[in-house]
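What follows is a short report on a single structure.
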């Protein structure tokens, strides 16, 4: 199993799970269970818990999936000779991990490996976002944004309900504790909604333009074939389009999309 032993990343990953479980606690035990409307509680409980489960599953997949690491130390004379390079063909060697560096690969100082189509290293998933796990990272940001938005709506409805009714009847906790828990959830939801929504939009734009974050930052010259936006999405999420695009348990088939010729 792929796992980066980075102290900062591990702490950030644990914090991420803790914050999701905190939101679960407040939504279920402070807002939904005390509600008098069973249908309201059941409907919102199923949606919130379902999205939270998908968010955590996406986080786990993004964290424990090899992002596209190049084999370490393969830049040997014997291996280069086995490639049967054409006359004048050049290969690049990474001086840090002693590996043959493919096109569009970059070295990550945290993972200590060259990563194919590396977008960036994200401490929140304790991993690089690269060729093999970008789908899971995009799903993680999308589902976190959705549960954050859902939590904010529930908090707004609960505040209205508590103001109109008796505060002692709208929660199993004391009014001061209820207010503090709701304010903390509101702050967390707003912060993560903005952060993950922006990150989700950035990732989708990066996929559609077929240009990683590092390539955009370094303004690298484009040396790869240009594809349509829709086909770029299929390269990351799998070919053909299906409901599996939304599932963190479905491994995308990157290879099939490369068989097609695309029109911009």
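Placed from the backbone N, Cα and C atoms, the Cβ positions cover glycine too.
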Request  = Check each of the ranges 136-159, 208-231, 232-255 against TrEMBL and return the one annotated as transmembrane segment.
outcome  = 136-159
Query = In the same chain, who gets a Cβ under 8 Å from the transmembrane segment (136-159) while lying at least 6 residues past its ends?
reply = 20, 23, 26-27, 30-32, 44, 47-48, 51-52, 54-55, 58-59, 61-62, 65, 122, 125, 129, 170, 182, 185-186, 188-190, 192-193, 196-197, 199-200, 203-204, 207, 236, 246, 248
Folded-back contacts onto the transmembrane segment (179-200), same chain, C-beta under 8 angstroms, at least six residues removed = 19, 22-23, 26-27, 30-31, 138, 140-142, 144-145, 148-149, 151-152, 155, 158-159, 173
